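What follows is a single structure, written as structure tokens, with notes after it.
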Amino acid sequence: MSVCLGVTKTIAVSSLGLYAGLLTTTTLVTASAPIDLLLPRTNENPIVNYFKSIVCSVGKISTVLSGLSTIFFGASYFGSPLSLRHPYLIYGMVIAPISAAYLYGASLFAHRHPSADQEKNNSPSPALDDSTVDLGKDFKHPKITPGEAGKCPFGSKTSIEASSESSRKNCNASIVAHLSVVTVFTILGFVQSVVGLYGEGHFV
């Protein structure tokens, strides 16, 4: 094995290993961090914004590492003699593209097929013209009839918050599940690349 091929293969395997490590860290953080830190919201405090900037930076670094591993695995495979074009180079080359395609497909499917909680939350509210409550010129709160004391015509705030909390938990579980699949797949690809490189150095 020439020095040039040895360098390209080392860079490829190292990049894939760092990529797998970042995916593992991201999965663990996502599983333990509150979903509110991961979803876009308004009026966020500086700590939340700082956390999201870190997540964004990690995503950019992961993209660079995955691109490096794909490029250098491809260069190592197609730049090697036919006798040295081992399958682990092809496997390592397709790890990042398959991972990206899986995450993109999962995200696309989730947006096109919302869950029951999301459909319930996104259901249209009754038109204002159909309301039996006269809001008046200076609206502060709808009128409450004596028979409905203690009830708010806007609905139960607790039930709305519970539904929203359920949606956030489902979203977090879905993100963690998809990240776990990609992480395991990437780690397996990294392990087989290390084994392939180790065996190649000893038996070729």
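Each Cβ is built from the backbone N, Cα and C atoms, and glycine gets one as well.
Taken straight from Swiss-Prot:
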- 11-31: transmembrane segment (TRANSMEM)
- 64-84: transmembrane segment (TRANSMEM)
- 89-109: transmembrane segment (TRANSMEM)
- 175-195: transmembrane segment (TRANSMEM)
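Within the chain, the transmembrane segment (89-109) has long-range Cβ neighbours (under 8 A, six or more residues past its boundaries) at 9, 12-13, 16, 19, 23, 66-67, 69-70, 73-74, 76-77, 80, 178-179, 181-182, 185-186, 189-190, 192-193, 196.
Away from its own ends, the transmembrane segment (11-31) comes close to residues 38, 55, 58, 61-62, 65-66, 68-69, 72-73, 75-76, 89, 92, 95-96, 99, 172, 175-176, 179-180, 182-183, 186-187, 189-190, 193-194, 197 of its chain (Cβ-Cβ under 8 Å, at least six residues beyond either end).
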